[in-house]
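Take a look at the structure set out below.
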Amino acid sequence: MQMDLRASDAGGAAFAPLVVLELATHAKEEAVTWLLGRIRDDERNGGAELLVQQLQIGGRDDQKTNPNVFLVGSTWHRLLRGAEEVGLFKEFHDGSMRGFTFSNRERFRDFQGDGDGFLSAAECQYIIKHELDTLRARDEAHVPGYPKAKLYPGKSIIRRLQSHSILVQVFPLHDKEELKRLSFSWYRRIKLSFQPLDDIRHYFGEGLALYFGFLEYFTFALVPMALVGIPYYLFDWENYDKYVLIAVFNLVWSTVFLEVWKRCSATLAYGWGTLSRKMAFEEPRPGFHGVLGLNPVTGREEPIYPNAKRQLRIYLVSVPFVLLCLYLSLHVMMIYFSMEVWALSAYEAEPGVLSSVLLFVPSIVYAVVIEAMNLAYRYAAEFLTDWENHRLESSYQNHLVLKVLVFNFVNCFASLFYIAFVMQDMVLLRQSLATLLITSQILNQIMEAFLPYWLQRRRNKKAHRRVWRVMGDKELPFREQVQLEADMSTYLGTFDDYLEQFLLFGYVSLFSCVYPLAAVLVVLNNVTEVYSDAFKMCHVFKRPFSVPAANIGVWQLAFETMSVIAVVTNCALIGLSPQVQAYFPESDTHLILMVVSVEHVLLAFKCILAFVIPDVPKQIQIKLAHLEFESLEALKKKVPMLQRKPK
């Protein structure tokens, strides 16, 4: 349907809509006219040189009309020049991945004619977003019609409009035909095969494709743990003396798992052209504020906020608040143990079916409370990190991840550590781990799979019922499709998805030797996670803009930290096993020294393994080195030519 809406801009160039720009209904006409003029204006005049067409949303008696919805597109010539500006890497005629240049466009593989089809829709939409984000104020003192929306030379126009709620949202449009093909190959058929990662990357971009690649890799990597855990569960369930073997296997697995993933990630990133791609200069995030000053790097005026003031906010407010939340989490944990004692005493006083069921109630209630506390803390952490006023989005994300990970780790695992090393009750540890894991997975499936599916079905029925009243049994018109996508939830990124996998990795790597079915449950959870996440990306959320990524970022460090903690935890569990303690009947000191020595040896082995296994495969290293050599040779030839030019 999108292709049916091809129209002509003032310049006469046809375009297909790729991005929707929705301004507030009450936006002043002079502001709208000014913004559209800047978007259409030539690059040499500071414009984006894009194509824009107005779209009327609503127009029926039962709905309000918003005249300020616009479709943004571009000519192929402009998109190709934009591809060079953002530093896209594409496959060269010799099979290597190189930075795209407009002058050498004919030498890139799959480039034909005027370049139609050379760039994916996700890349086109990313380029348009880049051009919109880099629209900067020239000599305007404020947004026309909004004296309080101050502007200064170099200020991002889109960010200023968003911060003053003049611009409601900017989102890329779905391609219905391509989405249908992706859905069919991705999740609509239940099959035992790999995900179509290249197709996912082509449609959603590298960041999301890397998440699904990691999810797939993690799931397959858990299969050996699951295969070892099933017979162990069946034949050695009550024999806790023999969990030493699976603990040792756990140590080796958690060490090798992440090192091999680095290589897989590098292979994927190289094939997608993001491994050696240089990151663009990072601009201040939209929520950043401060006194107007001069950026010493760019020379542009932008808000300046004292770093000392930010550090005071972090250490005098944020850190004490996090510590208070950790204290509350530990307090709730002690209440849980009191409930466990009460349930056990009730069972011992009057054994029966009801009292047997009652034994599991404290763990189930505690698991629900943990999920609720994690959710509440997440909102508090976002508020605090916003209040800290970080200049860059990367800094904001790092501080947010740190806050959330610390609390989630303590909140989810503190009770298990207490049971394992203070109470030293392996039966209760097994029961608590199983209950926490199963309950959290059930809640996640309800919130992430069933609820979104039900809400989307309800939303689609309403939309189709509304259209049917007007048009009868026909395909959803393009205008209705745009409105349907505009009303969809906004995808907030892979943060929560990685966080969930991080906690599952913790359950498996820290204590699965006590409950060997943990890996089996996580495998089953992740299989359903793939299908539920795929459905949500295709039908529940707006299509997100592509996010170029060469790896999983700070989450790699988070998983590696968890694997180090897993080494310490499993060594301690080995030391607590009666089988090992039998070798040191008279001296606990010797036992502790032995456990610490083994732990240090394993950590050293982990470091050696990280050094021996290169993060980037050898053949990719050679290709990158060859490309760098060619670039240096080309530069050597270019410099003398420039020197010989007449002045």
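Note that Cβ sites are derived from N, Cα and C of the backbone, with glycine treated the same way.
Annotations in TrEMBL come from automatic prediction, not curation.
Residues annotated as domain 'Anoctamin transmembrane' in TrEMBL: 200-625.
Annotated transmembrane segment per TrEMBL: 208-234 (among others), in sequence order.
Marked as transmembrane segment by TrEMBL: 240-261 (among others). Below 8 angstroms of C-beta separation, residues 214, 217-218, 221, 224-225, 228-229, 232, 426, 508-509, 512-514, 516, 556, 559-560, 563, 566-567, 570-571, 573-574, 577-580, 602, 605-606, 609-610, 613 of the same chain, each at least six residues beyond the ends of the transmembrane segment (240-261), sit close to that stretch.
What TrEMBL lists as transmembrane segment is 314-337 (among others).
Under the heading transmembrane segment, TrEMBL lists 357-379 (among others).
Positions annotated as transmembrane segment by TrEMBL: 400-421 (among others). Tertiary proximity for the transmembrane segment (400-421) is limited to same-chain residues at least six positions away from its ends with a CB under 8 Å from its CB atoms, namely 318, 322, 325-326, 329-330, 333, 336-337, 366, 370, 373-374, 377-378, 381-382, 384-385, 428-429, 432-433, 436, 440, 495, 499, 502-503, 506, 510-511, 514, 554-555, 558, 569, 572-573, 576.
Marked as transmembrane segment by TrEMBL: 433-455 (among others). Distant neighbours of the transmembrane segment (433-455): 360, 363-364, 366-368, 370-371, 412, 415-416, 500, 503, 507, 511, 514-515, 517-518, 521-522, 525, 528-529, 531-533, 535-536, 540; these residues of the same chain sit at least 6 beyond its ends, with a Cβ under 8 Å from one of its Cβ atoms.
According to TrEMBL, the feature transmembrane segment maps to 502-524 (among others).
Annotation source TrEMBL lists transmembrane segment at 591-613 (among others). Distant neighbours of the transmembrane segment (591-613): 251, 255-256, 259-260, 262-263, 563-564, 567-568, 571-572, 574-575, 580-581, 584; these residues of the same chain sit at least 6 beyond its ends, with a Cβ under 8 Å from one of its Cβ atoms.
Long-range contacts of the transmembrane segment (502-524) within its own chain (CB-CB distance under 8 A, at least 6 residues past either end) are made by residues 218-219, 222-223, 225-226, 228-230, 232-233, 240, 243-244, 246-247, 250, 253-254, 405, 408-409, 412-413, 416, 420, 426, 429-430, 433-434, 436-438, 440-441, 555, 558-559, 562-563, 565-566, 569-570, 573.
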